[in-house]
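Novice: I grabbed these lines from TrEMBL:
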- His91: active site, proton acceptor (ACT_SITE)
- Glu30, Asp31, Ile93, Asn145, Asp146, Asn201, Asp246, Asn247: Ca(2+) binding site (BINDING)
- Asn230: N-linked glycosylation site (CARBOHYD)
- Asn301: N-linked glycosylation site (CARBOHYD)
Amino acid sequence: MNINNKTFHARWKLHSSQVRGVHNFKYGSEDITILPSGLAFISSGLKYPQTPSYAPDSPGKIFILDLEDQKHRPTELRISRGFDVDSFNPHGISTYIDKEDDTVYLFVVNHPQFRSTVEIFRFVEEDYSLTHLKTVQHELLHNVNDIVALGPESFYATNDHYFTQHLLRSLETLFCLAWCNVVYYSPTEVKEVASGFYMANGINISPDKKYVYVSDILDSAVHVMEMNQNYTLTPIKAIHVGTLIDNIEVDPETGDLWGGCHPNGWKFFNYNPEDLPGSEVIHIKNIHSEEPIVTQVYADNGSVIQGSSVATVYKGKLLIGTVFHKALYCHLEQSIKM
């Protein structure tokens, strides 16, 4: 595998003069997913063990950002009545578009009172709102981190810990127990479909829906798995990327992977305002080849952006989100050097 961490021009070059913060994101932008139309959903305000929060008493929110609009100002999505917005604590997100009627479903990992649920919403574009459809709870979905939607009510989800009690979770991490897993959920079946991860984090799917990608943040690796007809996952290979990769986004046109990463795990998990955690974005090209190309596209020591958790692209634009800090909007240009 070819890892290029010393130049920014193996495939993409970042315009340093066109890197700017996105308005309204003071309390995190943990996960981002973009519709084909250029509308980006962004989860904000996550409160989670071992990570700081600049608004511990405020509920989380979902924003939308129209990347076709040059103003680049996010709008908070209004959530329908009946949903408990006061305990809303959004984490990973995913969308599913119904091919028959173009309905957009938004799946949100939620941690009310630090429990794990999955909330399913219908997106109403006319008034930028979310209609709550269903709350999913199950004993196998006990420490959900991220999610990838497979249908209007079905998905894969990662559990980033085996234990739910705080002390046991800490010991699990300390002793590097590879007990985390991926779970498949549908209204008719719930089951473990992959296991053996130290801390299963981001999850996503290939454009052809044949492969699933899971990041194991403590192993600095992306696992490639093949989907089977019964929704179990067969491991193909693991790509070690040399950094703690968090969420994974997939370019729908090229199939390339983009990852928001933590270059220093100690600084991220043990936050010190005098020694800030940095940020990093990587791009993975030709992931199914024998020599995937992993390139560092952005890096910062924490002076600009702290705790990057996601990176995703749309028409030469790069959005970088964070667990608890702000979001960045950047311009990319494709380099002629390969």
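Including glycine, each Cβ sits where the backbone N, Cα and C put it.
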Novice: If you measure His91 (active site, proton acceptor) to Asn145 (Ca(2+) binding site) at Cα, how many Å is it?
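Specialist: His91 (active site, proton acceptor) and Asn145 (Ca(2+) binding site) have their Cα atoms 7 Å apart.
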Novice: What other residues of this chain sit with their CB within 8 A of the center of the CB atoms of Glu30, Asp31, Ile93, Asn145, Asp146, Asn201, Asp246, Asn247, the recorded Ca(2+) site?
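Specialist: Neighbours found: His91, Gly92, Val109, Gly202, Ser309, Val310.
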Novice: Express the distance between the Cα positions of Glu30 (Ca(2+) binding site) and Asn301 (N-linked glycosylation site) as a whole number of Å.
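Specialist: Each residue's Cα considered, Glu30 (Ca(2+) binding site) and Asn301 (N-linked glycosylation site) end up 18 Å apart.
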Novice: Within 10 angstroms of the C-beta of Asn145 (Ca(2+) binding site), what count of other C-beta atoms is obtained when all protein chains are considered?
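Specialist: Its Cβ shell of radius 10 Å holds 27 other Cβ atoms.
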Novice: Please report how many Å separate the Cα atom of Asn230 (N-linked glycosylation site) from that of Asp146 (Ca(2+) binding site), as a whole number.
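Specialist: For Asn230 (N-linked glycosylation site) versus Asp146 (Ca(2+) binding site), the Cα atoms are 21 Å apart.
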